[in-house]
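Engineer: Dropping a structure here in structure tokens format, bear with me for questions.
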Amino acid sequence: MRGRPRPGSRQGQRQPAKGPAREIELVIDKLGSEGVGVARLDGRPVLVPGSLPGEQVRVRVMGGAADLLDVIAPSPSRIEPACRHFGTCGGCALQHLAWQPYLDFKRDLVVDALRRQGLADVPVEAVAPSPPESRRRATLEAKRTSGGVLLGFHARASHQIVDLGECPVLLPDLARLLPSLRTLLATLLLPGGSATVLLGQGPGGIDLGLALAAAPDLEQLERLTAFADAQDLARLWWRVGDMAPVPAAQRRPLGHRFGDVPVEPPAGGFLQATADGEAALTAEVVAALAGAERVADLFAGCGTFGLALGARALLHAVEGDAAALGALTAAARRAGLGFVSTERRDLDARPLLAAELRRFDAVLFDPPRAGAKAQVEQLAKSTVPRVIGVSCNPATFARDARILVDGGYHLERVLPVDQFVWSPHVELVGRFRRT
Ligand SMILES: C[S@@+](CC[C@H](N)C(=O)[O-])C[C@H]1O[C@@H](n2cnc3c(N)ncnc32)[C@H](O)[C@@H]1O
């Protein structure tokens, strides 16, 4: 059986050729960390998007990259992609891989990152998956062209926008909104103008944010309000550049709850990407914190994990973003959680020092992709018995884990969690105990 790549896929997105292009056959060795097949040619790696390990392929090679022309001997794990945009859209890399090998690939990303830091013996659990059609948070790009508004993710390795006619990653309500959103954007954008669209969905409905080049005029503002009513959105807001988000419609709460605590996240604020992912991460964090009485939640956001502890522990939540911390503080106050204290602090510039950490019997950290090096260096010097790390980047997590292990912690187990279905991203929770 021969598999033909989709027409147009990956064409025109390669780096400039180094030397003349040539057509050859290769056998794919492995999937690289970006979910792209890697073969070797003349002792050098060649990246072949759309290929799978073990496959014999015909490619057009240009420098270190190649266009897949034909799959001569397909992998038994090759399946039909779920979406017509697969191969062009940069949102997904792995729809052509069967589910179990796909989950194994994600687990291997975590295992490999730990191994590179000399932590090969750490038990890594099976991945906690999120199904297709479960993403409740996504950032799309929009551009008004002479042919209409393009709305979607960037094409792979390109700034071109793939105009999405479907998206099996998003929650169905979000995917269904796209056609009417295109019509709205046609009235907001100047010819050639661009915007970023921040989609979110909670139990209470859709949260739509528009990052625009210029503030809407009065007529456009009325259109935004009418759109929120017509589409029954929970919330619609806009912003220009770095300015604070401006509400255009606040029709009802988004309805998020962390544990039993209702929380209204700020416009544009961080939330875990799927409800399944949040549930898996939270269950692991809450289990790891069982019995702890004084807990620090560092990089707390609006309280996903800390508030889920409810009355189980005295909580000190530390976060750099004022709006997120405001939402957490307001939620704790409304719920009568008088034992929750909050602190706004830049944990890279001013981490909690080892002496300040002494009062906690467990510390949770959940930093952005860059990791928590400065904070972890203080934890490594501390006496805190239990540390739990949540991460969206196995490489920086493994680096931080190495610091903790060198400081006398044992990394007991790691749970990988998949929230970005068919992408090469994976999240995780790691449990450390002072030895
Ligand atoms: C991955 S999010 C996690 C948020 C929260 N734990 C959750 O699960 O919803 C990382 C959080 O770290 C915050 N943050 C980023 N850099 C920071 C810094 N230098 N100091 C403190 N907080 C920071 C962000 O505002 C964001 O809320």
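Note: Cβ is positioned from N, Cα and C throughout, glycine not excepted.
TrEMBL: automatically predicted annotations, no manual curation.
TrEMBL feature annotations, pasted as is:
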type     : residues               : note
REGION   : 1-21                   : region 'Disordered'
DOMAIN   : 15-75                  : domain 'TRAM'
BINDING  : Q272, F299, E319, D366 : S-adenosyl-L-methionine binding site
ACT_SITE : C392                   : active site, nucleophile
ACT_SITE : C392                   : active site
Engineer: List nothing but the largest Cα to Cα distance in Å, as a whole number, among the residues Q272, F299, E319, D366 that the record says bind S-adenosyl-L-methionine.
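Structural biologist: The span, Cα to Cα at its widest, is 16 Å.
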Engineer: According to DSSP, collapsed to three classes, what secondary structure does F299 (S-adenosyl-L-methionine binding site) have?
Structural biologist: coil
Engineer: Please give the average pLDDT for the domain 'TRAM' (15-75) in this predicted model.
Structural biologist: 90
Engineer: What kind of secondary structure is D366 (S-adenosyl-L-methionine binding site) part of, going by DSSP in three states?
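Structural biologist: The three-state answer is coil.
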Engineer: Based on Cβ atoms within 10 Å, give me the single least packed residue among the binding-site residues E319, D366.
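Structural biologist: Output over binding-site residues E319, D366: least Cβ neighbours within 10 Å is D366.
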Engineer: Mind tallying the domain 'TRAM' (15-75) by DSSP state, helix then strand then coil?
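Structural biologist: Breakdown, helix to coil: 0 helix, 34 strand, 27 coil.
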Engineer: What is the interatomic distance between the Cα atoms of D366 (S-adenosyl-L-methionine binding site) and C392 (active site, nucleophile), given in whole Å?
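Structural biologist: Cα of D366 (S-adenosyl-L-methionine binding site) to Cα of C392 (active site, nucleophile) measures 8 Å after rounding.
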